[in-house]
Amino acid sequence: MSGNAIRDTFFEECEELLEALVEGLAQMEEAPDDLQVVNAVFRAVHSIKGGAGAFALDRLVTFAHTFETVMDKVRDRDLSVDDRLMALFHRSGDMLSDLVAAARDETPLDPAAEGELIEALESYLGPASEEEEFSFDAVSLDLGGDTPASLPEIPLAKIADSAPDGAATGPASEKTYRIRFTPTRALYENGHEPLLLFDALAELGTLCVLLDLSGLPSFDAFDPQDSCLDWTLLLTTAEPETALDEVFEFVEGLCTLEITTAPPPAPTEAELPTPDLPQPAARPAPPAAESAAAPPPPKPEARGPKPTLRVDLDRVDRLINTVGELIINQAMISQRIEELDLPTVAHLTNELEAYKLLARDIQEGVMAIRAQPVKPLFQRMSRIVREASDATGKKARLVTVGDSTEVDKTVIERLADPLTHMIRNAVDHGLEHPERRLERGKEAQGTIRLSASHRSGSVFIEIADDGAGLDRAAILRKAREKGLVAPEVELTNPEIDNLLFLPGFSTANQVSNLSGRGVGMDVVKNAVQALGGRISITSIPEKGTTFTIVLPLTLAVMDGFVISVAKETMVVPIASILETIRPNARDTHVIGTSSEVVKIRGSYVPIVDVAANLGLDAGDADRGGSILLLVSTETQGLTALRVTGIHDQRQVVIKSLESNYAAIPGVSAATILGDGKIALILDPDELIKLSRLSEPEGTETKLMPEPGHV
Amino acid sequence: MTTKVLAIDDSRTIRNLLRVSLENAGFEVHSACDGQEGVDIFPEVDPDVVITDINMPNLDGFGVIDTLRSGPNRTNVPILVLTTESSDKLKSRARASGATGWIVKPFDDASLVSVLRRLTGHVS
C-alpha cells in the first residue's frame, strides 16, 4: 500500500468518522447524559486527530485536539451540556468536516476560519491548559495554547562506534556511567527483558556488564517468577545522560536504578563477563506456552466497521451491463425454445424458470453493490438546516426517518443539490418565524421531516415542514403577474401548488440570500425527472407543506409490460400501471370532436391513444375493441392508455435512447427484447402531456407549460 | 525468524500505517480493530509483541492489558501502548496496568521500529 493509498483511506475513514460524529451529536441532543454516545463522539474526533497527526495536517490536529479536549471534559462529567454548548459542538463538527475536506482536496481555507470556534471551545476549558505543566523547556515558552504535538524523541544514537582508541579515558567528551540495576518482579511481568535493555545501552558506547548472583536462593527455594538477579553496568559514552534515561524510560518504577558518573572502568576487575551477557535466567517461562490446553479461541467475530472492499465504479458498471445482457439473453433463449414448439417442454420450462430466477438474483445482487444508504446524504442536510436557520433567524430542527433506505449511488449523488435546495426552501419559505409560530400555538422551533422509504419498487423521499403551508393567493397573484396564468382562469388548489414547478417562478417576496439563488423548483423538478423520478407537492394551511419525490430503485433495469401498439412492440413501466381493462364499446364515449373517455366504475377517465400520439397508423380496427392501461401519473392524474395488446410482463434492461439515437417525446428509453428486436419504453406521463398539448383549442388546458392535477 | 506484531487500533488509518511501516521493517503484522478482537485473536496469533491503542470501542487499551496480564493465561509478551497523550499520568497508569512501553502518536517509523526492537530484540 503506497503512502497515497493510505492517505486516501484516511480520508475515507474520516468520512465515516464524521458521519458517526454527526450521528452522535444528534443522539446527544436527545440524551446528553448517555456516556456511550459522548464516548462515540469523543472517539470520532480523537481518531480524526490521530490520523491527521500521521499526515502532519497540523490545522486539523489543532482543531480536533481542542474539540476533543472539551468533549473529554463532558465525558468526565466536568462539564454539562446545554443548548449553547450543543450548538457549539454542531458548529465544530461542521468545521471539522470543512478542515478535512480542505486537507483532502488541498483547497485553501480561510486561515482564520476556525479561530473563533477554538476560542469558544477554549472558553470551556478554564484558564490554563493542563498539558502545559510538563513542558519542561528551559527555552522561551511558546505562546499559543495548542499542545505541542510532539514527536517522540527516542535517540537511537547509533554511534559509529569506533573502538575506544587506546586511552581508557577516551575523548574528553566521553564519560563513564556506573549503573546499578535491580529489577523487580513487575519488570518481567510487564514484558521487559534486561538483555534488550543492555543491548540498547551497548549501542550508546562501550558497555561492561557485571552480574550479581548473590540474591539467587538455593535451588529448592527458587521461584522462577521472582527476580533474583541484579547488575552493575559500566557504560562509557559520549552521549548525554538523558540518552541513558531514555533507555530506562519504560522500566522506571519497575526497578531500582542508580546512575552515577564513575571513573573510567578499570579493566582490572576480575572475571569481567563482558561479551557473555548473563543468561536471562530469571526470565520466567512464558506462560503462554503452558496454556496449550486452553480452550480454542472463540472465532473472532466481525467487530467495528464492517470490512469493505474498494472497487472502481467502472468495473461495477461493466458488471451491471453484462448482467443486463444476461437477462436479455435469458429472454431470448426462452423465446427461441417457445418457437421450437416442442411437444413436451414442461421440464425445460422449469429449468428456464430457475435460470430466470438466478439471473434476477444476480442482477439484484449486482444492483445492491451500487445501492447505498441515504444516511450520509440526510446527515449533510442537518447542517443545511442549521445554516439556514442561522441565516434566517428561524428555529428549525431536522428529523430524519428511514436513513438506512438504500438507493442507487448515482441517484444519491444527483439528489444532493435538489435536496439541499428544498431543505433551504423549507426553512426559508416553509417555516414561520418563532414569534409567529408561538402566536399560532406552535412550538417556536419548527420541524423539517426528511424521510426515505421503499414502496412498491420505488424510493419515496419526503421533505415535510410544519410551517404555514403555501400562500396560494400569493402564488396565484405572482403567476398572473408573470403571465403564467390567464387572469380569468380559475385554478384548483393542487393546480396552484404545482405552479411552483414552473420555470422562473419564485415566491419569495424579497429574494433572500439563502434560497433565492436563481434556482427555482423547476430545476429541482428537472433533476428529479432526469433520474426517472417524479416530484409532487401537497400543502395544508397552518400544517405545512410536503414535497414527495418518487424515484426508481435502479437506473438500469425495470419491470415492464410488453405491449403492442399498431404493429410495434413497446414496453410500459409496470410501476405506472394501475390496472388493465378491455372495455365494452358502450363504456367509451367520444366527447367533442376527438376526445374520448371511458367509464370506469361510474367515473369518466380520458383515453389517450398511444399510436396516434406517436404518429403510428393504428387503423380503425383498434377503436373501441382494444385494451386500455389505466395509469396514474404524478402530474396528469388518472388516464387510460389505449394499446393494441398485452404480451408479457418482464424485466427489461434500460438502454439510453439519447446516447444511442436521439430523444423522442413520450419515450423514456429503449430495450432489447428476447427476439433481439428493439422496443421503445414509453413514458406515460410525457405521453399524456403530449396528447393534452396536441388537443384542439377549447379543451381543458388551462396552463400552457403544464396542466395541474385533475 | 520473523517477529510477529499484533496491532490493535480502531482507526483503519493507523492500522494501515502500522502495517506498512512494520512490514517494511521486516515484522509480520496482524491487526485487530478493537480491544475485544485483539484479545480474541491473541492466542491464535501468538505475537512477540502487542501494540495497542487506548481509546477503542468494546474493550479499550487498558482492558486489553488487563486481560493479557491477568488470569491463568497471563502473558509476559511486551505490550506497547500507542497514545496521543503524553501525560505522565497516562504513562504511570499504563505502567501500573502492565504495559511495557508507550509511543506517542503521531509516530515516525524509525522511532517505532527502534522501540519495538528494544522490546523484542527484532533484527531487521
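Including glycine, each Cβ sits where the backbone N, Cα and C put it.
All annotation found in TrEMBL is predicted automatically rather than curated by experts.
Look at TrEMBL and you will find A:275-287 tagged as compositional bias 'Pro residues'.
Residues annotated as compositional bias 'Basic and acidic residues' in TrEMBL: A:300-310.
The domain 'HPt' annotation in TrEMBL covers A:1-103. Within the model, the domain 'HPt' (A:1-103) shows a mean pLDDT value of 86, rounded to a whole number.
For A:345-555, the entry in TrEMBL reads domain 'Histidine kinase'.
Here the domain 'CheW-like' (A:557-693) is broken down by DSSP into helix, strand and coil counts: 27 helix, 72 strand, 38 coil. The domain 'CheW-like' feature in TrEMBL is assigned to A:557-693.
Cβ neighbour count for A:His46 (phosphohistidine): 25 (other Cβ atoms within 10 Å of its Cβ, all protein chains included). Positions annotated as phosphohistidine by TrEMBL: A:His46.
Annotation comment: TrEMBL describes A:260-310 as region 'Disordered'.
The domain 'HPt' (A:1-103): residue composition by secondary structure is 87 helix, 0 strand, 16 coil, according to DSSP.
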